[in-house]
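Encoded as structure tokens, here's the structure I'll be asking about.
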Amino acid sequence: MKKLLTLFVAGLMGVSLVGCGSGDSKKDTLVVAATEMNGDFIDGFGNSSYDLEIKNVLHNYYITYDNDAEGNFVTNKTILDGEPVATKNADGSKTYTFKIKKGLKWSNGSDLTAKDFVFNILLSASDEWVAALAADTMGEGLTGYAKYHAGLSSQEEGGVADIVYKRETDKKIQKANAADNEVKVSDMYDKDGYELDSEGKRIPLLGFQTDENGDPLYDANGELVPEYREKKGDNGTFEGVKLNGDYEFSATIAADKLPYFFEKSYVAFYPKPMTYLAGKDAKIESSEKGATLVGVDLNDVAQKTKSEYRTNPKVTSGPYKLISFKNKQVKLTKNKYFKGDYEGHKPSIPNILVKTVNQKTDMDQLLAGEVDVLTGVVEGKKIEKAKKNSSVKASSYARNGYGNVPIHNDFGATKDPAVRRALNYILDKDNIIQTVLGGYGSTVYGDYGTAQWMYQENKEAVESELNHYTYNIENANKELDSTEWKFEADGVTPWDVTKAEKTKDYYRYNAQKQPLTINHLGTEDNTVTDALETEFLKNSPKVGIKFSIERTDFAGLMDNYYNAAQKPEAQRKYNTFNMATGFTPVYDPWSQGSFASIYAGTSLNPTNTKDAELDKLMQEMRNLEPDQHEEFSKAWLAFQKRFNEIVPEIPVYANEYFDFYNADLKGFKTGPMSSWSEIICNVSWAE
Amino acid sequence: MIKYSIKRIFSLIPVIFAISIILFGLNKIMPGDPVNMMIPTSAKPEQKEQLRKEITEQLGLDKSLPEQYIAWVSNVAKGDLGYSTWKNDDVKNVIADPLKNTVILNFFVLLLALSISILAGIRSAIKKNSIIDQFWQVFSLVCMSVPTFFIGLCLVYIFALTLKWLPSNGMPADLNNIGQWVRYMILPVLTLTITSLAGTIRYVRNAMLDALSQDYIRTARSKGLSEKVVVYSHAFRNALIPIVTVVIAQISTLFSGSMITEAVFVWNGLGQVLLTALNRRDGFLVIAMNMFYAIVYLASNFIADITYALVDPRIKLD
């Protein structure tokens with residue numbers, strides 16, 4: 001009896017504890033589901049889309065030129081006192097002058113002024129920022145950026161010389177490179193791994209001056225002329241930015257960067273808290289030569305920003321401020337000093353909790369009311385389940401991007417555009433959309449998203465003039481018959497399609513008796529990889545392609561996709577991959593480097609596309625004034641046609657995204673260019 | 001015993017060194033470049049070269065392997081476990097919270113699993129072939145056959161999604177609220193407890209049956225001792241040695257085995273960190289985590305040896 005009583009009391013205590021811990025009231029807190037957050041809450045670090053949402057609500061609202069729901073640049077009248085003044089200079093550059101409104105404050109109540117904008121430019125564009133292992137910069141289009149960003153100086157300014165030589169310490173790669181060049185390893189590398197030229201001199205990589213052809217410059221003694229860099233403690237001066245007073249600053253876009261259709265992207269600045277990050281002694285000195293940060297070592301500021309501010313940005317300007325990031329949850333609370341988004345809207349929901357959930361149960365959690373917002377749902381089953389439930393509503397839109405099969409254009413059989421076109425023909429994209437997306441998606445035929453205004457304006461032309469590459473084995477074979485792979489195994493007898501219909505291992509060969517081989521790399525536990533495997537393995541024998549598919553983890557995929565061109569050919573294996581791409585309001589495939597020849601061989605052009613015609617069309621698209629809307633639209637169409645012709649990658653599907661939310665929420669209208677973090681000021685609980 | 005303990009501790013040192021060398025070597029031959037993982041793909045080519053140089057120097061990757069190992073060991077001796085390339089932070093900062101969360105979770109699992117399995121195992125042995133005994137036998141068999149994640153998802157489906165009594169996954173938003181901690185811990189603790197009960201109950205039962213069949217038990221009963229004294233003072237004490245082996249082994253298994261449960265319940269523990277560190281090629285973090293598991297395993301073996309001597313006075317440690 002005693003035992004029973006004890007057990008009963010213990011159980012009662014347990015129930016009461018459980019009942020007590022029910023958490024915040026629904027109306028106070030909006031719970032948003034996320035998949036993985038790394039804690040990189042400032043620009044320059046990380047690539048998690050969930051971290052990006054947090055960055056947005058913390059930092060990116062006080063931006064001089066914001067984007068509306070359609071992706072157009074709009075002046076942020078909440079923070080700017082009048083329209084920025086754009087002045088064309090005699091040398092072809094253009095100066096934008098910004099007047100900041102008085103009364104703006106950081107989340108800790110301190111004043112937010114023009115110096116905070118200039119400070120962020122000086123920090124994010126500096127070589128010290130690079131040394132802190134940050135990637136993204138600000139101020140890229142401004143005069144003097146290259147010098148400031150590289151930390152260059154001159155001997156007169158007290159700069160120091162620092163030449164970096166080409167080096168490879170991995171013995172395996174040394175061997176492979178030497179084999180590629182048909183030389184001995186000892187002839188190609190010295191004992192420390194430095195690469196040698198034909199005269200036995202170390203090959204310089206960075207830190208030297210070049211002549212007009214871009215070749216290393218040597219002095220009369222045959223010595224390399226070094227570039228001089230800022231000495232330690234010297235913060236450098238950024239020519240293109242000036243602080244004109246407490247509430248005014250200016251930025252000058254370099255002449256060689258103009259004209260540029262997305263010109264405003266060069267002068268879309270947001271601030272960082274200078275006093276908080278650099279200390280009270282830090283000041284900005286500004287003159288005709290430009291702006292410089294004094295009173296503090298920029299290197300220390302960059303390191304502090306990276307080590308402390310990055311994961312715990314306590315002083316911010318956005319509608320919400322960070323309370324904590326612990327145990328895969330981010331707690332945010334309203335910033336009472338926030339003046340509003342570019343339209344003056346302020347947030348009404350007091351708190352936001354962004355929590356990591358299990359993707360297998362995320363929809364069930366939404367329907368059970370454990371989370372209020374679940375975004376980016378693409379699986380057909382989940383969408384159907386949610387649609388049947390009246391406790392949630394959906395904001396759906398065409399994804400601003402697409403799932404694709406990127407192709408290494410410089411490797412193996414896929415060097416030939418005809419082979420790439422053939423691969424496009426044997427992929428039944430409609431089937432993939434049905435099986436993977438449950439029908440919630442569409443096909444695209446170029447590098448575009450259906451939400452983009454350029455597509456909307458050229459829809460008829462795109463649909464009628466671009467090749468849809470609808471599944472067609474005959475067309476695929478026609479393409480391959482025009483390549484070197486038109487023989488049987490003996491390298492002489494013409495390949496016969498009727499034999500391919502009868503046997504699975506009847507491959508195409510070239511005159512050197514090499515089979516037409518395509519190796520694909522995808523990720524594990526990925527329905528797209530599974531669908532591609534089904535399609536390619538089923539259809540490739542019909543066109544004589546020896547197709548193989550392997551799976552790896554995300555790190556392996558990234559390494560093989562982005563860094564393959566830096567490896568010797570003998571170490572490369574894969575021709576195709578499955579990835580996805582997304583667009584920002586700035587559609588510029590040249591500067592984003594995706595297909596520009598100058599970036600071939602680097603991770604900026606991972607497909608290693610080198611097409612002079614495509615380069616020309618990308619340049620035509622970007623070298624326009626911002627108001628040349630029609631010209632841009634025409635150039636965009638021409639670019640898409642060329643892209644569609646050479647197929648540097650295969651666009652497979654453009655999803656329809658569903659952002660589901662608690663039906664008690666008002667104003668939740670997300671879109672292809674506006675995620676929840678960008679419309680949060682319009683969202684409230686229904687009364 | 002003290003002499004023995006000291007000798008054992010000293011003998012563990014070369015073992016730990018050997019494990020560290022193996023782990024360090026394995027990490028280095030793992031495919032994938034950690035430097036590449038740290039360089040954002042959006043970096044410009046010239047920026048990338050500069051970043052590569054900076055990162056390589058900062059992480060000491062430009063030195064030879066023995067130099068890197070010695071540098072790492074001397075840093076560990078100073079309390080510096082290395083730098084996490086994934087989190088851009090010191091390893092000891094990265095693992096602080098997950099370690100605490102895993103220890104908390106496993107502490108309660110161990111407490112619950114031990115209490116239930118010992119009581120249930122003894123009961124089953126005493127009431128052999130009764131309904132209670134058969135229930136626990138079937139229970140053990142089923143739970144051993146079913147994967148942990150399945151048990152977890154079943155509990156989520158019943159208690160979280162259908163009955164809506166408990167949250168599906170995650171951790172408390174308010175870390176100072178004990179009630180919230182209890183709510184969020186119930187399902188993962190239950191999942192791990194059920195998994196570990198399965199084997200332990202059978203072990204306790206069998207050890208007790210073996211002890212109860214011994215001659216000294218017949219002697220104890222014939223001397224007129226109460227059944228309670230016979231079972232707990234005589235049989236259980238003798239059955240403790242194999243039970244201790246299983247229980248101590250469970251400590252190390254729990255730490256490594258909670259990886260799956262942590263994934264199901266999005267519990268910010270060591271298992272999750274290790275998985276992500278492996279995927280991100282975060283070398284120092286992977287080595288630190290694996291060293292931790294190795295040390296836990298070695299420590300639990302050491303504790304098992306000491307416990308034998310405490311439990312069984314016939315065993316002399318020297």
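Just so you know, glycine gets a Cβ as well, placed from its N, Cα and C.
As listed in TrEMBL for this protein:
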DOMAIN    B:99-304  domain 'ABC transmembrane type-1'
TRANSMEM  B:12-30  transmembrane segment
TRANSMEM  B:103-126  transmembrane segment
TRANSMEM  B:138-161  transmembrane segment
TRANSMEM  B:181-204  transmembrane segment
TRANSMEM  B:240-267  transmembrane segment
TRANSMEM  B:287-311  transmembrane segment
Do any residues, 6 or more residues outside the transmembrane segment (B:181-204), come within under 8 Å Cβ-to-Cβ of it, and if so which ones?
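Here the qualifying positions are 104-106, 108-109, 112-114, 116-118, 120-122, 124-125, 136-137, 139-144, 148, 151-152, 155-156, 159-160, 166-172, 175, 239, 242-243, 246-247, 250, 253-254, 257-258, 261-262, 264-265, 267.
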At least three Cβ pairs under 8 Å linking the transmembrane segment (B:287-311) and the transmembrane segment (B:138-161), pairs spaced 6 or more in sequence?
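When sequence-distant Cβ pairs are counted, the transmembrane segment (B:138-161) does not touch the transmembrane segment (B:287-311), since fewer than 3 lie under 8 Å.
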Take the C-beta pairs under 8 A between the transmembrane segment (B:138-161) and each of B:12-30, B:103-126, B:240-267. Which stretch has the highest count?
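Most contacts with the transmembrane segment (B:138-161): B:240-267.
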For the transmembrane segment (B:12-30), could you work out the same-chain residues 6 or more beyond its ends whose Cβ comes under 8 Å from its Cβ atoms?
65, 68-69, 72-73, 281, 283, 286-287, 290-291, 294-295, 298, 302
Under 8 Å between C-beta atoms and at least six residues away from its ends: which parts of the chain pack against the transmembrane segment (B:103-126)?
132-133, 136-137, 185, 188-189, 192-193, 196-197, 200-209, 212, 231-232, 236, 243, 247, 250-251, 254-255, 258, 262, 267, 269
